[in-house]
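Features of the protein shown, as given by Swiss-Prot:
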ACT_SITE  H180  active site, proton acceptor
BINDING   V18, D39, R44, Y69, G83, A84, S105, A122, A123, N124, S147  NAD(+) binding site
BINDING   Q86, R92, N124, P125, V126, D127, D152, T153, A154, R155, T233  substrate binding site
BINDING   R157, H173  beta-D-fructose 1,6-bisphosphate binding site
MOD_RES   Y224  phosphotyrosine
Amino acid sequence: MSKTQNHQKVILVGDGAVGSSYAYAMALQGTAEEFGIVDVVKERTEGDALDLFDATGFTFPKKIYAAEYSDCKDADLVVITAGAPQKPGETRLDLVNKNLKILSSIVKPVVESGFDGIFLVAANPVDILTYATWKFSGFPKEKVIGSGTSLDTARLRVAMTEMTGIKDPRSMHAYIMGEHGDSEFAAYSAATIGGRPFLDWAKEHGVSKEDLDKMEDDVRNKAYEIINKKGATFYGVAAALARISKAILRDENAVLPVSAYMEGQYGLNDIFIGTPAVVNGTGLHEVIEVPLNEEESKKMTESAATLKKVLTDGLKALEENK
C-alpha cells in the first residue's frame, strides 16, 4: 500500500449516479480516511464533498474533498466510474466506443500523477474497460480489477433466497460468471447451500431446469428492468464497489467475483472476465478457477469470445480515430 495502514486514500473518478452512490457507501462503511472526487463538473464534486462531509457527523471521521488528478499521486486506490450511461434499449457492449475514449482521457493523467496503487474499474462495458485500463496504464495485471460479475452474483444469491426460503443471501454460495452483460451465466453446477450442492437441493424440492433457467435469465436482465423503470442502476453496484474496496484496503484476502485477467484459467488468455478471485492489499492475488460442467465451460468460452471481438474492434477504432 502506498500510505500507512492508519491513513488510506481513495480517489473516485466520475461523480455521476454510480460514483456518488459509491462515495456515500464508503462514507457509511468507514474505510479510507481520505476520499477525493474527480469529475469534469467541478462544482458537482464540491457540492457532493460538502454533503458527504456532513454525513461523517453520524458515521466515521473522513477527509472528503473535490480532487484533481494530481491528488492520485499518493492514493492507495483509484476507482473509475466515469463514462456514458447505459440508455434504455442499449446493451453494455454498445457503450464501448464512447467509453474507451473517455477512459483513455482518465487513465493517462492518473498514471502521470505518479499513482502506484490499485485501479478498480466499474464503468461499462466493465470487462473491456478493465482490460483497456490495464493496457493504457502499463500496470501489472494484479493491480487492475474490474467490478465484473459482483453485482450479478449478488442478484443471483438474492434470487436464490426467494426460491429456497433461506433469507440470508450470504448463505448462498453461487456465482454468475463470464461477461458482466448478456453472455453471463450462472455456474449452478458449483453452487452450494450449507455445503450441499444446490442442484441436489433443487431436484429434491421439485425445481425444474426451466425454473433455474428463468432465474438465471431474470438475473441477466434485471439491469434492463431497472433502467427501463428509473433510468439507471447505481445502488447495487455502489455497494459492490464498496465491498471490493474494503477487501483491498483492509487486506482481507477475500474471495469475490470480479473481472480478472486470464492466463490459462478456463482455457482463456489475454482477457479480463468475471470469475471468483482472491482480493487483498496487493490487488488481485489469485484467480479461483471454478470447476464448471461442459455446458458452463462452453458458455465461458463463448462469453470470452464475445468480449474479445468487441475489445479488438473497439481498440482498433480508438487507434484509428486518434
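Placement of Cβ uses the backbone N, Cα and C atoms for every residue, glycine included.
Features recorded in Swiss-Prot, as mapped to the structure shown.
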{"residue": "R44", "record": "NAD(+) binding site", "contacts (Cβ under 8 Å, 6+ apart)": "D15"}
{"residue": "S105", "record": "NAD(+) binding site", "contacts (Cβ under 8 Å, 6+ apart)": "none"}
{"residue": "A123", "record": "NAD(+) binding site", "contacts (Cβ under 8 Å, 6+ apart)": "G14, I80, T81, A82, G83, N99, I102, L103, L129"}
{"residue": "S147", "record": "NAD(+) binding site", "contacts (Cβ under 8 Å, 6+ apart)": "L120, V121, A122, V126, H180, V237, A240, L241, I244, V258, S259"}
{"residue": "D152", "record": "substrate binding site", "contacts (Cβ under 8 Å, 6+ apart)": "I176, H180, E184, V219, R220, P257, G274"}
{"residue": "R157", "record": "beta-D-fructose 1,6-bisphosphate binding site", "contacts (Cβ under 8 Å, 6+ apart)": "P169, R170, M172, A174"}
{"residue": "H173", "record": "beta-D-fructose 1,6-bisphosphate binding site", "contacts (Cβ under 8 Å, 6+ apart)": "A191, T192, I193"}
{"residue": "T233", "record": "substrate binding site", "contacts (Cβ under 8 Å, 6+ apart)": "V18, L151, A223, I226, I227"}
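In terms of local Cβ density within 10 Å, N124 ranks first among the binding-site residues Q86, N124.
Under the three-state DSSP scheme, G83 (NAD(+) binding site) falls in the coil class. Around the Cβ of the residue listed as 'active site, proton acceptor', a 10 Å sphere holds 32 further Cβ atoms from the protein chains shown. For the residue listed as 'phosphotyrosine', the count of additional Cβ atoms within 10 Å of its Cβ stands at 16 [all protein chains shown]. There are 30 other Cβ atoms within 10 Å of the Cβ belonging to V126 (substrate binding site).
For Y224 (phosphotyrosine), the binding-site residues whose C-alpha atoms fall inside a 10 Å radius of its own C-alpha are Q86, out of Q86, N124, A154.
DSSP classifies V18 (NAD(+) binding site) as helix under the three-state reduction. Each of the binding-site residues V18, A154 was scored by the number of other CB atoms within 10 Å of its CB, and the largest score is that of V18.
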